[in-house]
Amino acid sequence: MPDYFGAIASGLAGGATLFFTLDNIVAVFAGVAVGCLFGALPGLSITLSVALVMPFTFGMDPLTGLSLLVAVYVGAIYGGSISAILFNTPGTPAAACTTIDGHALARQGKAGKALHLANWASMVGDLTSTVLVILLFPLLAQLAIMFRSPEYFALIVFAVTVVGGVAGKSLVLGLISGALGFLFATVGMDPVEGTGRFDFGSLELLKGLAFVPLLIGLFAIPEFLRQIDRAGRAARPVRISQVDAVPDGDRLTFAEFRYCFRHMVRGGIIGLVMGVIPGLGATPAAFVSYDRARRTARKPHLFGRGSLEGIAAAEAGNNGVNGATLAPLLTLGIPGDVVTAVMLGALMIFNLQPGPMLFITHADIVYGLFCALLFCDVALRVVGVAFIHVGKHVTRVPTGYVFPAILGLCVVGAYSINNSMFDVWVMMAFGVGGLLMQKVGLPTVPFLIAFVLGPMLEKGLRRSLVISDGDPMILVQSPIALVFYALTVIAVIAIVRGRLTPPVAPPPAGEPPLPAR
């Protein structure tokens with residue numbers, strides 16, 4: 001046991017030496033600021049912020065680029081709470097739970113107290129989750145070494161099934177979206193035989209579809225097209241005078257912080273558990289944490305009416321996911337949501353193959369990334385406090401100014417990958433395709449996850465069949481693979497039962513709403 005923790009301490013020391021440079025520190029502060037900006041503006045998603053920043057990481061040192069992406073993610077998760085508290089409009093889906101008590105407290109003239117508490121809860125929740133991930137990561141890496149091609153095949157089937165079932169309105173639509181992602185992943189060179197597939201005689205398609213143009217097109221362009229009819233309109237005005245100002249004297253006291261601290265720590269632990277499961281993410285983590293806080297609160301009657309405990313639990317829960325989502329990505333190479341899928345693409349661009357060998361061959365970068373996550377909490381406190389006072393102005397920027405600038409960044413980002421207009425056309429094509437998918441109810445998240453994992457799934461399947469001389473039974477001979485197949489079946493049953501279960505009747509008038517689980 002001393003050797004175990006000694007190895008972690010040694011790894012963190014090496015990672016800190018690699019991380020603490022001026023470039024990395026500036027990247028973290030800039031990333032948190034950009035993330036807060038995108039998170040605070042309703043309509044600008046976390047995925048959009050990470051996708052737009054990703055092209056700027058090309059040419060950077062791998063740790064600097066990864067630190068920038070992680071910082072944007074952390075900042076965006078927190079930024080959603082600003083508009084949620086001030087205007088009852090969550091900037092991100094993860095902040096939806098924060099509106100229940102956050103805006104109620106703001107209507108009482110305590111917006112500053114709610115915003116400062118959200119900032120502290122975000123920091124404590126993320127810090128709790130990150131520390132636990134660091135302590136458990138070497139053990140997870142050792143378990144990941146046991147995975148071979150059949151186990152990876154079963155794991156990817158489980159991940160895509162869960163993401164497809166959770167992300168879409170129905171399991172069938174989610175699986176169809178995932179199947180389309182696998183199909184588009186086959187465009188280009190066959191990884192085994194070296195022949196072209198679906199290239200139609202085009203040299204550009206023979207290279208395969210570039211990840212960044214597809215990502216930007218799938219998530220940024222549809223949002224732009226949906227918002228274009230609102231161009232030039234300002235954000236709806238808020239008539240509540242108490243919310244318009246964030247008085248400097250409306251601070252969070254130490255007694256109030258201590259009163260809510262246990263909910264912050266528990267929210268971080270809940271976020272850790274929810275974050276390592278593919279397809280769940282920050283939004284359900286916030287509601288589960290909120291529900292647990294309500295059941296154990298000293299003043300449960302205040303929930304829904306401006307409870308400090310409710311704000312602390314919700315923000316700690318959704319921010320506790322931040323570090324947890326990196327665990328399956330770095331140990332197994334399996335992204336659990338869209339943001340970690342972007343991170344997977346970034347790792348591959350930096351010639352870093354995620355998986356158990358990453359911890360052996362590039363342990364300094366892994367621990368350096370953990371140091372970046374820890375430092376993000378420092379930056380979140382500094383930038384977050386500054387953002388509290390300018391948040392109400394930022395959230396009122398007219399979309400007529402925002403989205404044309406975003407479209408320009410999309411074009412520049414897609415073109416900069418290979419300096420090719422072909423990538424821009426790919427971005428536009430998937431932008432239209434993404435909008436059509438949303439119109440017919442096909443979720444885009446399973447498509448992207450399947451597109452990223454498609455090559456890994458194909459290699460796992462074909463290598464397994466080569467080893468077994470074409471016998472497909474090799475896919476079900478491993479105990480680990482059987483566990484994931486069983487989990488897949490259980491997940492399908494749970495998702496189907498959840499869809500068939502009628503919604504809970506609304507609470508009587510005057511009672512605060514119960515959060516969805």
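Each Cβ is built from the backbone N, Cα and C atoms, and glycine gets one as well.
Any TrEMBL annotation is an automated prediction that lacks curation.
Copied from TrEMBL, the annotated features are:
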TRANSMEM  25-54  transmembrane segment
DOMAIN    25-448  domain 'DUF112'
TRANSMEM  66-87  transmembrane segment
TRANSMEM  120-140  transmembrane segment
TRANSMEM  152-185  transmembrane segment
TRANSMEM  205-225  transmembrane segment
TRANSMEM  268-290  transmembrane segment
TRANSMEM  332-353  transmembrane segment
TRANSMEM  365-388  transmembrane segment
TRANSMEM  400-417  transmembrane segment
TRANSMEM  424-454  transmembrane segment
TRANSMEM  474-496  transmembrane segment
Mean predicted confidence [pLDDT] for the domain 'DUF112' (25-448): 82
Outside the transmembrane segment (205-225), six or more residues from its ends: residues with CB under 8 Å to it: 43-45, 47-48, 51-52, 54-55, 184, 187-189, 196, 198-199, 338, 342, 345, 348, 403, 406-407, 410, 413-414, 417-418, 423-424, 426-435, 438, 444, 447-448, 451-452
Two-stretch contact, the transmembrane segment (400-417) and the transmembrane segment (424-454), at least three Cβ pairs under 8 Å: yes
Remote residues contacting the transmembrane segment (332-353) - C-beta distance under 8 A, at least 6 residues beyond either end: 46-47, 50-51, 54, 57-58, 62, 65-66, 69-70, 73, 144, 147, 152, 155-156, 159, 163, 211-212, 215, 219, 275-281, 325-326, 362, 365, 445, 448-449, 452-453, 456
Interface-richest range of 66-87, 120-140, 268-290 toward the transmembrane segment (152-185), CB pairs under 8 Å: 268-290
Spatial neighbours of the transmembrane segment (120-140) far in sequence, C-beta under 8 Å, 6+ residues away: 4-5, 7-8, 12, 74, 77-78, 81, 252, 257, 260-261, 263-265, 267-269, 271-272, 275, 311-324, 326-327, 330-331, 359, 366, 370, 373-374, 376-377, 380-381, 384
Cβ pairs under 8 Å between the transmembrane segment (365-388) and the transmembrane segment (66-87), at least three: yes
